[in-house]
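S.K.: First the structure, which I've put down as structure tokens, then a few questions once you've had a look.
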Amino acid sequence: VVLRPASGSRQQDAPGAADGLALASDPGGTVNFLAMVENLQGDSGRGYYLEMLIGTPPQALNILVDTGSSNFAVAGVPDPDVTAYFNPELSSTYRSQGIEVTVRYSQGSWTGVLGTDVITMPKGLYGSYTINIATILESENFFLPGVKWHGILGLAYDALAKPSSSVETFFDSLVRQAKIPNIFSLQMCGAGLPVPGSGTNGGSLVLGGVEPSLYTGDVWYTPIKEEWYYQVEILKLEVGGQNLELDCREYNADKAIVDSGTTLLRLPEKVFSAVVQAIARTSLIQEFSSGFWTGSQLACWDRTEKPWPLFPKLSIYLRDENSSRSFRISILPQLYIQPILVIGDNLQCYRFGISSSTNALVIGATVMEGFYVIFDRAQRRVGFAVSPCAEADGSPVSEIEGPFTTADVASNCVSSVSFHEPMLWIASYALMSLCGIILLVLIVLLLIPPRCQHRYTDNDVVNDESSLVRHRWK
């Protein structure tokens, strides 16, 4: 194995109903789920995107699918890093709401203006729908060179919507106007393929139900613990079949979410260290450089060799709808040892598809590419089934097994004290009030009229490290 600096590569993070439901949302009386199969393009390094037509006459844009955020936003002015943008002045159906909105990420942000316009999806639901749209007028480190999308489709709950939860989300608008069930499902097909690929790996976003051709075997459901992100409950992790033996609350510190806008499997720092130690201990590689695990180096092998047999399987246990049972989703090394760079004629370099996080366990594309994931909002649960496109060299690279007993774990692995966004609202307003009182006292005492300006509180910031622009290769 040859270790190379990772600086030459770049990662961009892009955040039930019965099968085959008959729905009255088009003239034929049904939603054609098959029409939505392979309606996505992209790859795990740059995100998966859906073509959308916005305005009258329609303007075609590629929109990143992100289950870890809740705003629908598109480039609204020319930008050197986007190939197309939405011009509201050219749309006769655009209506500005005159409300400025800013979404800040840990390493990027955008500011825009809220409005409404009609959208259609060439490979989505039949018909046109009036949707809240933020036109991005300024951005920093949001659109990056090489991405092929021009906006973001936030599919999480309205609790995360900016500037407030009163902004109806894209999917809530579809449910209300198209009268579809409150459920969507997602398949991303990039397993075993180079991360900075051609952008045509493909995938499927099925709005309003479940398409049976996109999975094999049974669907296993885990409850949604809280409706903001798609927060779930992790019970334990295994590496190579060996339990990490951590307190299950460590896996949920301070939340565990399913987020298509994150490229990696992100683990709380204590869990990440345990996983790295377990992989290093059980792999067939001795004295592997720490730079590979931290993302600062790539590991390179001769192109005739495949490194995957050298590494163990990784399993994540999720609580079943029956709380006394669990099931496990497993990914083989083909999903977390990811080809990223070719050097010369002989070397293929790989990155480690797992990283540490200070505030969340994030099931991102590293894991999601192994499964058909069902976001059943109606029954407050997330489903996982094996995806038939999760193969490398003709062999499956993901598994689902169960049920297992939960007698060996706590009855609740989610901390009762977690600083979620609604609490941040309360805290920020309390701090603002305190700030106002203190300044009022100072005015009286000093006869100086300073003003306490509120620019950004934690509530204005999508500050979860799993967000679209948080984790990049520099």
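Placement of Cβ uses the backbone N, Cα and C atoms for every residue, glycine included.
In TrEMBL, annotation is done automatically, which means it is predicted and not curated.
The domain 'Peptidase A1' annotation in TrEMBL covers 48-385. Taken from TrEMBL, the feature active site covers ASP66, ASP259. The disulfide bond feature in TrEMBL is assigned to CYS189-CYS389, CYS248-CYS413, CYS300-CYS349. Summarising the annotation, TrEMBL assigns N-linked glycosylation site to ASN322. Summarising the annotation, TrEMBL assigns transmembrane segment to 423-448.
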S.K.: From the recorded positions ASP259, CYS300, ASN322, CYS349, pick the residue whose C-alpha lies nearest to the C-alpha of CYS389 (disulfide bond).
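M.R.: Looking at Cα distances from CYS389 (disulfide bond), the smallest one goes to ASP259.
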S.K.: Within 10 Å of its Cβ, which one of these disulfide-bonded residues (CYS389, CYS413) has the largest number of other Cβ atoms?
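M.R.: When each Cβ's neighbours within 10 Å are tallied, CYS413 leads.
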S.K.: Compare the Cα of CYS189 (disulfide bond) against each of the recorded positions CYS300, ASN322, CYS349 and report the nearest.
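M.R.: Checked the recorded positions CYS300, ASN322, CYS349; minimum Cα distance to CYS189 (disulfide bond) goes to CYS349.
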S.K.: Here's one to test understanding: among the recorded positions ASP66, CYS248, ASN322, CYS413, whose C-alpha is closest in space to the C-alpha of CYS300 (disulfide bond)?
M.R.: ASP66
S.K.: Report the member of ASP66, CYS189, CYS300, ASN322, CYS349 (the recorded positions) whose C-beta atom has the most other C-beta atoms within 10 angstroms.
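M.R.: Counting every other Cβ within 10 Å of each candidate, the maximum falls on ASP66.
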S.K.: Of all the recorded positions given, CYS248, ASP259, which residue's CB has the most CB neighbours within 10 A?
M.R.: ASP259
S.K.: Tell me, in order along the sequence, which recorded positions from CYS248, ASN322, CYS349, CYS413 have their CA within 10 Å of ASP259 (active site).
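M.R.: So the list reads none.
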S.K.: Spatially, and counting Cα to Cα, which of the recorded positions is closest to ASN322 (N-linked glycosylation site)? Options: ASP66, CYS248, CYS349, CYS413.
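M.R.: Checked the recorded positions ASP66, CYS248, CYS349, CYS413; minimum Cα distance to ASN322 (N-linked glycosylation site) goes to CYS413.
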S.K.: Return the member of ASP66, CYS248, CYS413 nearest to CYS349 (disulfide bond) in space, with distance defined Cα to Cα and candidates limited to these recorded positions.
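M.R.: Of all the candidates listed, ASP66 is nearest in space.
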